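Each remark here refers to the structure printed beneath this line.
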Ligand code: NAD
C-alpha cells in the first residue's frame, strides 16, 4: 500500500521523538511491503521563528494533501511566561485541528505489564485497566467567545456546544464501544452547566441506537475521583474538550508516564497522530526523551488511518518486547532499573528497530 505522511515535528522534544516514530514507520513499510513517502512542515514556535505565523498556509496545504500526519509537540517557555503574547505556538495546533476538522481525540490508556510498578497507583487497582478516551476537540471554552471587561479586571470564556458536535463524537465513541467491552461513560457537569445538559441529552439520544452498550453518565468531579479509585471500571469514556484535557492527563498516570501515551485526532478526512505530552523544555536536546508515545502514535496511525491492524500490532508488540527485555528511558525507570538498561531516545529507537 502507498501512503503519504506529513511529519510536523514542532518544538522541543517533538523533533527528537518523531524521528524515532518515523524510523519505526519506515521499518514497518520495509517489513510489510508498503511504500511510505514523507514531507515535513512547520508549526508552533519553530514556524513563528521561520515565518512569523504558528500555522503557515503551506503546513495546512501539505497536511490536507497527505494520508496522515505524524505530529510532535508545540510550545516554548518564552510564551509560557508571557500570557499576553498575541502570537502563540499552541495557536498552530488548535488551528490545524480546526482546519482539518479533527473533532475527536482518541487516547488509549493501557498499561504495559512491565510498567505496573512505575505508576503512582497501587498495582492491584491497575492491572488490566484499559480505557479509550474520546475527547471532543473543536468546541467548548477553547473556541467560545472570550474576552475581558471592566478595564481588564473581569475575563470570560464561553463554554459552547452544539447538538451536531456532541452527536458526531458520541457516535464515534459508541462505535468504538461496540468493538470493545460495550461500556460507555459520558462525562459532563450537567448539574451545573447548560452546555453539559445538552451534552447529556444528545448522548442519551445516540445511546438508543446502541442498545447493546451499557451507558453511564458521571459528573467530571466524580469521574476524576473514580479514575484513580477504580480505573478498571471504565471502558470507553466520552467527554468535552476541557474535561477531556484534564481527565486524560490524570489518566496518563495510570500508564506510568506522559512519555508512554499516544493519541489520534480524527475527523472525517486526514488524521493527526501525536503523543499526549508537550515539548518538555526541561529535557529538550538532552537525548533522554521517551520516544514510545510517538511510536505508539505511529501504531495508531497504521491502525486507524491506514487500516493496517497487523502492522499496528507489530509495533505495540515491539514496545512490549523492549520493556520486557528491561530497557527503560529515564522517565519510566525506577530505583531497581540497572544503569545499563536506562537508554536515551536514540538507543531506545535502535532497540525497537531490532525487535521489529
Ligand atoms: P510536558 O508534557 O511538555 O512535560 C511535563 C513533564 O513530563 C516534564 O517534566 C517533561 O520532562 C516530562 N515529559 C514529557 N514528555 C516526556 C517524554 N517523552 N519523555 C520523558 N519525559 C517527558 O508539559 P509541560 O511541561 O506542562 O509543557 C511544556 C510545553 O509544552 C508548554 O509550552 C506547553 O504549552 C506545551 N504543551 C504542548 C502540548 C502539545 O503540543 N500537544 C501538550 C502539552 C503541553
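Cβ from N, Cα, C; glycine included.
According to TrEMBL, the protein carries these features:
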DOMAIN    4-352  domain 'Isopropylmalate dehydrogenase-like'
BINDING   97, 107, 135, 221  substrate binding site
SITE      142  site 'Important for catalysis'
SITE      189  site 'Important for catalysis'
BINDING   221, 245, 249  Mg(2+) binding site
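Annotated features, which come from TrEMBL, shown on the structure.
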{"residue": "97", "record": "substrate binding site", "DSSP class": "helix"}
{"residue": "107", "record": "substrate binding site", "DSSP class": "strand"}
{"residue": "135", "record": "substrate binding site", "DSSP class": "strand"}
{"residue": "142", "record": "site 'Important for catalysis'", "DSSP class": "helix"}
{"residue": "189", "record": "site 'Important for catalysis'", "DSSP class": "coil"}
{"residue": "221", "record": "substrate binding site", "DSSP class": "helix"}
{"residue": "245", "record": "Mg(2+) binding site", "DSSP class": "helix"}
Residue among binding-site residues 221, 245 with least C-beta crowding, 10 angstrom cut-off: 221
Of 142, 189, 249, i.e. the recorded positions, those within 10 Å of residue 135 (substrate binding site) when Cα atoms are compared: none
Position of peak Cβ density within 10 Å, selected from the binding-site residues 97, 107: 107
Under 8 Å by Cβ from residue 189 (site 'Important for catalysis'), same chain, sequence gap 6 or more: 196, 219, 220, 221, 243
Taking residues 97, 107, 135, 221, which bind substrate in the record, the widest Cα spacing (Å, whole number): 27
For residue 135 (substrate binding site), the number of other Cβ atoms found within 10 Å of its own Cβ: 26
Candidate with sparsest Cβ neighbourhood (10 Å radius) among 142, 249, the listed recorded positions: 249
When distances run from the Cα of residue 249 (Mg(2+) binding site) to each of the recorded positions 97, 107, 142, the nearest one: 107
Output field, Mg(2+) shell: CB within 8 Å of site CB centroid, site 221, 245, 249 dropped: 220, 224, 242, 243, 244, 246, 247, 248, 250
Cα-Cα distance linking residue 245 (Mg(2+) binding site) and residue 142 (site 'Important for catalysis'), given in Å to the nearest integer: 11
Inter-residue Cα distance where the pair is residue 107 (substrate binding site) and residue 245 (Mg(2+) binding site), in Å: 11
